[in-house]
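Heads up: the structure comes next, in structure tokens.
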Amino acid sequence: MDSELFHNRSLGSCLKDALDLYRTNFRTIFRRLWLPVLVMSLLLSSVMMIELSHPNMSSPSNLSISWGTSLFSFVFYIASIAVSIWIVSIIVSLLNGKSMKVNLPRIARLFLLLIGVAVVVCVLSGLGIYANYSSIKGPEQLKNANMKLLLSSALFTIVIIVAFLPLVFSSMKYCIEPDRKVASIFKRPYIVGFRHWGFLFLIVLLTELIAMVFNMFFYLPLCIIFLCYFLNDSGIAIGDPSGLPGALGILAFIIGTGSMFLSLFVRPWMLFSYYYAYGCIEEKEKARKKQKETKILQVDNVDFEEVR
């Protein structure tokens, strides 16, 4: 996709240019993405239907069902990660002009690295929770432990947001520049992203809020179906018979697939916004470096005049 990337843009300009890029190339985007997006929608809808069909999988009476459906869900989640790599690789190919043969393994390495980091973070948080509750000996200590967990969770969440946000820039730089190694997302580009943390925070916040507004409309029919299932399960819990028609499951699957299909097509615009944010930050860094070099030259000229 041809676009003037390296410009010092405002926050609104990044969002607007991303929308223009999305709008003018929508036919190409749809033609390239409809199949993986449909596959992803079917996968997510299948997992959703498993959860709706077995809402009490953790109970002892449903232990055999729980193991089977959990294994089934795990396979679907792995497949969802693979399709996510496929989708992002297509979008990156549209942006950097490289083939899928080049981008697919690079995006796979990026996903695996980020998933590995996420697993480490989850393990550390789990160890923290275990350490918080392991020494409890009475109700008073339990109350204190709950308060400590609440405060530490809030602090940990803030730290994670602060630490992970620069990855928006460094990961996009890795995607656009094919000669970069995946480990570079935690090196100098990460520091540059941290320097522009406020700009990245605002653009991520705005894109997520706009996507949330669209998703409210896309998922409204699905929320109504979820409400039907919830009310039905509540009635069954107090002894009432199930009042849901048999065809509701098929309807839920179709509506869920359609809602997720529409929702996933908002994501390319979000990535385009991060793409323009990357170009804006690169231009700012170039101007900053040039200004720094100019100051050094001015200092050298002053020293030379003093010597003369």
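Any Cβ shown, glycine's included, is placed from N, Cα and C.
Bear in mind that TrEMBL entries carry predicted annotations, made automatically and left uncurated.
Taken verbatim from TrEMBL:
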TRANSMEM  33-54  transmembrane segment
TRANSMEM  74-95  transmembrane segment
TRANSMEM  107-130  transmembrane segment
TRANSMEM  150-176  transmembrane segment
TRANSMEM  197-227  transmembrane segment
TRANSMEM  247-266  transmembrane segment
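With respect to Cβ pairs under 8 Å, the transmembrane segment (33-54) is most closely packed against 247-266, considering the stretches 74-95, 150-176, 197-227, 247-266.
Among 150-176, 197-227, 247-266, 150-176 has the largest number of CB pairs under 8 A with the transmembrane segment (74-95).
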